[in-house]
Amino acid sequence: MGVARGGFSSRFGFIMAAAGSAVGLGNIWGFPTQTASNGGAAFVLVYLVLAFCLAYPAFMAELLIGRYGQANAVTSMQKISRNNRQKHFAFVIGFGGVICAALILSFYGIIAGWMMSYAIEPVAKLAGLTGTANWLISQSLVRNVLFTALFMSLTIFIIRRGVEQGIEKWSKRLMPMLIALLILLIIYVFTLEGAKEGFTAYLNPDISRVFEPNLLISALGQAFFSLSLGTSVMIVYGSYIAKKENLVTLGVQVTLIDVSIAFLAGLLIIPAMYVAQAQGVAIFAEDGSLISGSNLVFTVLPALFSGMGFVGLFVAFGFFVLMSIAALTSSISMLEGPVSYVVERHEVPREKATTFIGLAILVFSILIVVNLSWMLDFIAMLSTQYGQPIIAMLCCVFVGWIWHRSDVLAEIKQGNSTVEYGLFWKIWPWYIKFICPTAIALVFWHSL
Ligand code: PFF
């Protein structure tokens with residue numbers, strides 16, 4: 001193959017990059033919206049349990065494949081395969097993940113573009129450019145194309161620079177900024193009237209709702225989307241981790257960061273919703289259901305921010321910058337999946353491959369923008385409700401049924417000498433073989 005591979009230079013770099021991939025619009029926008037529409041604290045509780053009991057083991061399966069193979073998703077899985085049929089199966093899963101990542105990026109880039117234009121809007125207002133400010137939050141075709149292109153250019157810029165100088169360097173800068181901004185905003189919202197009621201709704205679970213099938217299934221889907229499973233991305237990121245690193249601890253740390261940021265985002269958004277309600281913005285219907293649904297971020301929050309007067313302009317700016325940063329550290333991982341595949345399998349130079357694939361995805365995004373009314377939801381559904389669960393399930397099947405148990409355990413043990421090799425890892429191969437695929441199949445079944 002002959003292509004020099006990059007790698008993460010430090011543990012911190014990997015953690016920031018993988019957490020950067022995991023933490024995104026799914027955490028800061030998806031999770032609070034799902035929480036608000038699925039019984040508040042009960043959803044939070046179920047999400048936490050499922051994230052650790054199902055998503056984390058599946059996440060480990062993908063990291064292990066990558067770290068073992070030290071290559072893109074297809075090559076890594078083919079290294080594990082022992083015959084042509086298995087190699088073929090590996091190709092279908094690995095390439096499926098690559099396509100899935102590209103599809104997700106094609107619609108994610110559009111939404112991230114909206115986040116960026118919403119971040120610039122308060123700046124335009126401050127500068128007295130009311131016309132520009134209105135245009136920035138309109139659904140104008142030109143604005144959509146322009147901001148999608150801007151966001152994709154940033155993504156391409158970072159990925160062209162490779163693993164260490166691109167992904168790692170930027171994730172290390174952007175992730176701590178994101179966490180700091182999030183905490184500042186939470187503190188601010190807590191000083192406002194109505195926040196306490198939101199706090200209770202968020203943290204006081206109605207246990208009777210915990211076993212509602214809809215709630216269970218949404219929480220599981222959210223956990224898989226949030227850890228970027230079924231997209232080849234975590235296999236590729238796993239392949240950039242040195243053999244001397246303890247994968248088990250790294251995996252736990254990334255999962256903890258992902259879950260904590262979703263939790264923090266809920267701590268910001270749910271109280272903010274109650275603050276907005278107290279200020280007269282209609283958020284909940286009389287029966288307590290959510291009026292704004294998936295438009296929460298784009299309709300309710302700007303209304304909340306404008307209710308704060310002058311300060312609101314700064315809060316709005318902070319919030320949407322935060323969303324854009326979160327989206328960027330996720331989008332770079334989505335582009336890395338396909339890029340690493342093309343670079344290593346077809347020996348194309350990284351910069352050329354990145355620009356070409358990035359632009360091809362951008363062209364597809366523009367096609368979505370032009371047919372916004374139906375195509376965005378359709379591509380999002382195809383990739384996240386169908387693609388991700390199926391491919392994540394097949395990854396578990398692959399590790400559970402094709403990879404020899406002793407070889408899996410040997411890979412887990414690499415770099416693991418100092419850590420207790422506990423019972424969990426002895427049952428994990430069995431767990432990944434039966435429990436995980438069955439649970440994911442249930443999510444898929446529901447989405448049908
Ligand atoms: N995990 C990201 C989020 O929560 O927003 C979304 C995502 C990133 C999905 C990377 C898929 C992916 F490959």
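Note: Cβ is positioned from N, Cα and C throughout, glycine not excepted.
Curation does not apply to TrEMBL; its annotations are automatic.
Distant neighbours of the transmembrane segment (12-32): 47, 108, 111-112, 115, 164, 167-168, 171-172, 174-176, 178, 182, 222, 225-228, 233-234, 237, 240-241, 245, 250, 253-255, 257-258, 261-262, 265-266, 268-270, 296-297, 322-323, 326-327, 329-334; these residues of the same chain sit at least 6 beyond its ends, with a Cβ under 8 Å from one of its Cβ atoms. Residues or ranges marked as transmembrane segment in TrEMBL: 12-32 (among others).
Residues or ranges marked as transmembrane segment in TrEMBL: 44-68 (among others).
The feature transmembrane segment is assigned by TrEMBL to 89-116 (among others).
Among the features that TrEMBL reports, transmembrane segment is placed at 145-163 (among others).
Long-range contacts of the transmembrane segment (175-195) within its own chain (CB-CB distance under 8 A, at least 6 residues past either end) are made by residues 16, 19-20, 23, 28, 261, 264-265, 267-268, 271-272, 274-279, 315, 318-319, 321-322, 325-326, 329. Among the features that TrEMBL reports, transmembrane segment is placed at 175-195 (among others).
Taken from TrEMBL, the feature transmembrane segment applies to 215-242 (among others).
The feature transmembrane segment is assigned by TrEMBL to 254-276 (among others). Long-range contacts of the transmembrane segment (254-276) within the same chain, counting only residues at least 6 positions beyond its ends with a Cβ under 8 Å from a Cβ of the stretch, are 15, 18-19, 22-23, 26-29, 31-33, 35-36, 40, 44, 47-48, 51-52, 55-56, 59, 178-179, 182-183, 185-186, 189-190, 192-199, 201-202, 226-227, 283-284, 296, 300-301, 303-304, 307.
The transmembrane segment feature in TrEMBL is assigned to 355-374 (among others). Tertiary proximity for the transmembrane segment (355-374) is limited to same-chain residues at least six positions away from its ends with a CB under 8 Å from its CB atoms, namely 102, 105-107, 109-110, 139, 141, 144-145, 148-149, 152, 155-156, 159-160, 335, 338-339, 342, 348.
The transmembrane segment feature in TrEMBL is assigned to 386-403 (among others).
Feature annotation from TrEMBL assigns transmembrane segment to 423-445 (among others).
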Which of 44-68, 89-116, 215-242 contacts the transmembrane segment (145-163) most, counting Cβ pairs under 8 Å: 89-116
Folded-back contacts onto the transmembrane segment (386-403), same chain, C-beta under 8 angstroms, at least six residues removed: 58, 61-62, 64-65, 77, 80-82, 86, 89-90, 92-93, 96-97, 99-100, 103-104, 221, 224-225, 229-232, 235, 429-430, 432-434, 436-437, 440-441, 443-444, 447
